[in-house]
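**Q** Per TrEMBL, signal peptide is recorded for A:1-25. Annotation comment: TrEMBL describes A:68-93, A:182-201, A:221-239, A:245-266, A:273-294, A:339-361, A:373-395 as transmembrane segment.
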Amino acid sequence: MAAPLTLLLIVAVTIRAVLFRSSLAELIPERVEVVSPLNAWKRVVEGLALLDLGVSPYAGDVFHETPLIIYFFHFVIDYAEIVFMVMGCVFLLQFRKQKYALEAERYPLDCLELIRTPKEMYYIPLKVAMFYLLNPFTILSCVAKSTCGLNNAVIALFILCTVKGSSLMSAIFLALATYQSIYPLTLFAPALLYLLQRLYIPVNWQRSSFWLFTTQYTFMYLGSLCVMVCLSFFLLSSWDFLSSVYGFILSVPDLTPNIGLFWYFFAEMFEHFRLFFICVFQINVFFYTIPLSIKLKEHPIFLIFMQIAIISIFKSYPTVGDIALYMAFLPAWNHLYRFLRNIFLVSVVLLACSALFPVLWHLWIYAGSANSNFYYAITLLFNVAQILLVSDYFYAYLRREHHLTHGLYLKRKDGSEATLVLK
Amino acid sequence: LWKFMSAFQQCLSPWKFQHPLSQQQFAEEERQWEATEVKEADRVPDTMQTPDVPPLTPAKDQFQEELVIRPLHSGDIYASFQFRTMWDTDFLRGSKVSHYRLFPKSLGQVISKFSVRELHISFTQGYWRTMQWGQPFLPSPPGAELWVWFQDTVTDVDGAWKELTNVLSGIFCASLNFIDSTNTVQPSASFKPLGLGNVTDQRFLRYAVLPREIVCTENLTPWKKLLPCGSKAGLAVLMKSEKLFHSSFHSQALHFRPVCQDWKCKSTVWELRQTLNVVFDLHTSGQGKRGERSLKCYSMVIMQACVVFPLQGELFELSPTTPLLSQAVVLGDRRTYSVYDLTNQATFGQTRSLNMLLRWRAAESGDMLRPLLHGERYVAGYGLQTGEIHTLMYNNHPYRAFPVLLLDTVPWYLRLYIHTLTVTSKGRDNKPSYIHYQPSKDRLRPHLLEMLVQLPPNSVTEVTMQFERALLKWTEYTPDPNHGFYVGSSVISALVPSVVAMDTNSTRECPLFSSFFPCKEESSYFMRVYTEPLLVNLPTPDFSMPYNVICLTCTVVAVGYGSLYNLLTRTFQVEEPSPGLAKRLANIIRRLRGVPLL
């Protein structure tokens, strides 16, 4: 296991190093699919340059990173490439200790083929690492030196700590992830559910142990978040960063094109309805948490995957780095392959859109022969494909659970083969 | 008739002989004039001499006008009108001014209401080509430029600025109401007060430029109305719109500032200068070649004024000639002027009119004095995503380096990256000694960059900076979005050492005790150069698509919502085939009868 992993690591680092030294290293950080106003490397350098000039980085509208990033990069700015490569490698660490799905004993006999063998499970960490490190999206994001890689590493560490069961570290990393961009707040619920499950505390409103643990975890999380916010205040002695970072994420003033749904929608929005639709779109990210938590309360890891996917699709400034994060989880569920319905269509559409993005961008911005609608159309298609992918995996997961409880080969009342529908 | 005659008298009486002299000689003139004024004041009874009550001397408003016509080396004619009104009043002390003689009332009321200390406004059509035409007397950027120093008694400068721009927009029939916080800046060093006063806190300074503003006769008419006699008497009679706007360059400006009343500078008067600079093109005025060139543009009868011509005997000759010649050093350029004083009856001779004729002697022009400081600016790069602003500053002085202040105001939708700023002279890095950078805030304020750069002698300094173009909301584009967006001119301000006055050869004739330090009169002069404005294209959304975009995006969100809703609220069930229509009907009847179903 160690040998294939080190080999993978070497290959990944080599690819990234080669790309860093090639001419693509100037082209990729300019691509709007790979960087956004929130995590572009150019803006980090600009913020540090403003700090050197004696002007607060938050005085203008160029820099939207949190102050801890300023702290961090102030010291490692010369080694930026190495930092980003290391972050990629950190990610795969979290799957060293992969969970082994605790399968219940009382399953109908014909479900044996559904249950994963330990042999399969053994190779999952390697596959996940491969999916992440060799994913072209991740490589592009790393070569662009987008701070998305840092955010992904923090989320990965959070998942690792949650899976290992250490609630304090999990709370700290979740607070760090939330501090970086607000959306990981929704991961609070699955983390809580997992830790409760691990400690064998049932999710029951009347039980005091449930409330005890919940409040404990909440306090740890809020406490670390407050500490980070206060540390940021002391860096520049002002609260400007709140409106520059969180106000920016929530109110979407910058309409730079990206692969998300927000930019063109708000470019063409009537002023009168702008606030309403901002609220609708932001609530859209958060409000799937509670229904999904109720439905998937016994399967918190899958819930984490669903939440991360929903954040990546519906956040205000998505990039391909965010997509790479949830795609890395897909090998963990390759036992669901037999229940996926649209996987061929989805993968083809995703590939086609990824190829068309740079083409239509060039036609709009450089050649002038297309207009913004072309790029917008591909954005829509890309997001539809992602939504289909996520909902397909959800369907497959639910169907497998149904089969595990009711048997794989179902029969109708008259004995003939049955079809399952959602009703 | 009586009113007209009395107004006419007022226009005539306070005039003086006017020609461009150096400061010292001018002051001497003033002293002579002052003597007669004092004599009049003596006749006032002594009881009125208390310092609190302003003495009841007759108002000392003065008006002078002047026209300088200078043929340029490219064959064009540069005409510069200047009208100066001195307003002796003290509205600062709170006494309400109600009696306006020569000073225009509309402007006086505005100035006293908004506590303006200095006001400089200019409307320009065309761009001044420094390399072909030399330096203008009063530089101005294309479009409209307005900068104002407020008194330090003003508490809400932003509110006063907003109201002032709206009022001026009404006075000048210009769309100055487009000046708002997105194009107003507070320069820290480039626009120091041009008049008296020691308030230099930049909180009281506001500077705005509208490069898109077009100047036309509607702006000229109210400007002419501010003159004491309007366009009925004086040199203003020559200002005919159809001739003035049929030119390569047209600039009308208004400068208001406090100046010393006399050389002792015990009291201040308020000076209002209205200037009109026009460059008539050789080719468009119907005369393709240089030969005889009569000033057909001024075909009206000149009754009273003072016209000044710079004389360069080898190049052209004037008729009728005048015995009055004067020398002046203007912008480091020593020239001889032939002066026509129209208050003097002798100028006119027999006829009541003066008809000037300018005849070029040589076919081609001689060597023009190269302007010492010159600026250019352009946008580099391709595509609608990024770009680079390049500003070139030329120092043509043979051996002196001097520092210049570069002021750049860039709108917020061109996002500048200050870490990409490079300043190179002669191929090497030239670090500015002072940088004041205020980054922009989206939809609130523009970028402000001020730098002090040392220009090495005889060199080109290039300042480059990268920017990113923003996608705006569809309502923020102008009606012709593919025309592009204008970026106002950069301002290069410098104290340029004069080549003429620094002539080291002349020290041989001077006594030794005076010639050690290079301290001649006007050894350096203040110059302001404006670069070209930029026209930058931004990426545009499709303006016909708001409804479609809203529908399509909401559809995608609904697809996500729908599929997740289905999976969350429904469960898997085994599908039972539904019975045929006949059986269903039978079941309904059976249910009604209470009989078990099929």
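Cβ coordinates come from backbone N, Cα and C, glycine included.
Could you give the neighbours, burial and distances for every feature on this list?
**A** Among residues of the same chain six or more beyond the transmembrane segment (A:182-201), those with a C-beta under 8 A of the stretch's C-beta atoms are 155, 158, 162-163, 165, 167, 170, 174, 207, 209-210, 213-214, 217, 221, 246, 249-250, 285-286, 288-290, 293, 296-298, 300-301, 303-304, 307-308, 310-311, 315.
With a threshold of 8 Å between CB atoms, the same-chain residues lying at least 6 positions outside the transmembrane segment (A:221-239) that come near it are 56-58, 66-68, 70-71, 171-172, 174-176, 178-179, 188.
Long-range Cβ contacts of the transmembrane segment (A:273-294) within its own chain (Cβ-Cβ under 8 Å, at least 6 residues beyond either end) map to 183, 185-186, 189-190, 193, 250-252, 261-262, 265-266, 303, 306-307, 310-311, 314-316.
The list of residues near the transmembrane segment (A:339-361) in space but at least 6 beyond its ends in sequence, with Cβ under 8 angstroms from a Cβ of it, reads 31-33, 136, 257, 259, 370, 374-375, 378, 381-382, 384-386, 388-389, 392-393, 395-396, 399-400.
Sequence-distant contacts of the transmembrane segment (A:373-395), counting only residues of its own chain at least 6 positions beyond either end whose CB sits under 8 Å from a CB of the stretch, comprise 257, 259-261, 264, 305-306, 309-310, 312-313, 323, 326, 330, 333, 336, 339-343, 345-346, 349-350, 353-354, 356-357, 360-361, 363-364.
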